[in-house]
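**Student:** Pasting a structure here, questions to come.
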Amino acid sequence: MAVGWFYLSVLALCSLGSMCILFTIYWMRYWHGGFAWDGSMLMFNWHPVLMVTGMVVLYSAASLVYRLPQSWVGPRLPWKSGHAAMHLLAFLLTVLGLHAVFEFHNHAKIPHLYSLHSWLGITTVFLFACQWFLGFSVFLLPWASMWLRSLLKPIHVFFGASILSLAIASVVSGINEKLFFSLKNGTKTYSNLPSEAVFANCAGMLVVVFGLLVLYILLASSWKRPEPGMQAEREPTRTRGRAGTPEVMLEGERGLAEPLLQKRS
């Protein structure tokens, strides 16, 4: 049952994440003319798409790598490398998104970093950069001791969830700000809820629901990878491998691995 709920949640996340990206693309194409890379308003339209894709969807996918049951066994290095690579890709898309909005502001002679949305966003990106550097240097490179990693892991996990929360707040405030700037004239003010406002509000709600589901999976203790030190505290259950060799499975892993064992038998 546990593994079923986990993969059902992953399927829901994939659907919600895709919808968040597609809704943002459609909003920028249908109501704001599409995309370009020339310093115009069409270049700005890349900003929400890249930020939602990088800071929310890809960032969340990278954060959930260690929740996959397949990552609980075998060497950790491939999973660590995948985790770091996905976060790096998310960061690169985020930097492109920032470049798009800064270039548009330069072209249109608009001041930088004056709104609450921009303060939230730049703080989130700064924390993301620090988080990635800390994770790469301490948890991926081999120099750090187990004591140091154990000390920094709770901090790394806390800021991982905090950065996602800040990213969601930045996206929601950015959607709100964009609508206030776009819907100015008397025929389609934001308060009258024209079709663009309804659509963009729905896109924002999708981002919020997506983020809450990601945070739930990250915080659910039954879906976390068991710590190596917990093996001695849990009663091991012996099963038979495919070739008849004994395998040791922790009690906390049995629920997620049960379907695999049934297939083997």
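Glycine residues also receive a Cβ, built from the backbone N, Cα and C atoms like all the rest.
Features from Swiss-Prot:
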type: DOMAIN; residues: 12-219; note: domain 'Cytochrome b561'
type: TOPO_DOM; residues: 24-45; note: topological domain 'Lumenal'
type: BINDING; residues: HIS47, HIS112, LEU113, TYR114, SER115, HIS117, GLU177; note: heme b 1 binding site
type: BINDING; residues: ARG67, HIS83, HIS156, LYS224; note: heme b 2 binding site
type: TOPO_DOM; residues: 67-83; note: topological domain 'Cytoplasmic'
type: TOPO_DOM; residues: 105-119; note: topological domain 'Lumenal'
type: TOPO_DOM; residues: 141-154; note: topological domain 'Cytoplasmic'
type: TOPO_DOM; residues: 176-197; note: topological domain 'Lumenal'
type: TOPO_DOM; residues: 219-265; note: topological domain 'Cytoplasmic'
type: REGION; residues: 228-265; note: region 'Disordered'
type: COMPBIAS; residues: 228-238; note: compositional bias 'Basic and acidic residues'
**Student:** Give the three-state DSSP assignment (helix, strand or coil) for GLU177 (heme b 1 binding site).
**Tutor:** helix
**Student:** Counting only residues 6+ away in sequence within the same chain, which have a CB under 8 Å from the CB of LEU113 (heme b 1 binding site)?
**Tutor:** TRP119, ILE122
**Student:** Would you say which of the binding-site residues ARG67, HIS83, TYR114, SER115, LYS224 has the most Cβ atoms within 10 Å of its own Cβ?
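**Tutor:** Counting Cβ neighbours within 10 Å, the top one is HIS83.
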**Student:** Specify the count of other C-beta atoms within 10 Å of the C-beta of HIS47 (heme b 1 binding site).
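**Tutor:** Result for HIS47 (heme b 1 binding site): 23 neighbouring Cβ atoms inside 10 Å.
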**Student:** Averaged across the domain 'Cytochrome b561' (12-219), what pLDDT does the model get? Just tell me the whole number, please.
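**Tutor:** Taking every residue in the domain 'Cytochrome b561' (12-219) and averaging pLDDT yields 96.
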**Student:** In Å, how large is the greatest distance between any two Cα atoms among ARG67, HIS83, HIS156, LYS224, the listed binders of heme b 2?
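**Tutor:** About 16 Å separates the two most distant Cα atoms.
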**Student:** Whole-number answer please: how many Å between the C-alpha atoms of GLU177 (heme b 1 binding site) and ARG67 (heme b 2 binding site)?
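**Tutor:** On Cα coordinates alone, these residues lie 35 Å apart.
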**Student:** Find, for the listed binding-site residues HIS112, HIS117, HIS156, the residue with the lowest Cβ contact count at a 10 Å cut-off, counting only other Cβ atoms.
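**Tutor:** Relative to the other binding-site residues in HIS112, HIS117, HIS156, HIS112 has the fewest Cβ atoms within 10 Å.
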**Student:** Residue counts in helix (H, G, I), strand (E, B) and coil for the topological domain 'Cytoplasmic' (141-154), per DSSP?
**Tutor:** 9 helix, 0 strand, 5 coil
**Student:** What is the number of other Cβ atoms found within 10 Å of the Cβ of GLU177 (heme b 1 binding site)?
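**Tutor:** Total other Cβ atoms inside 10 Å, all chains included: 14.
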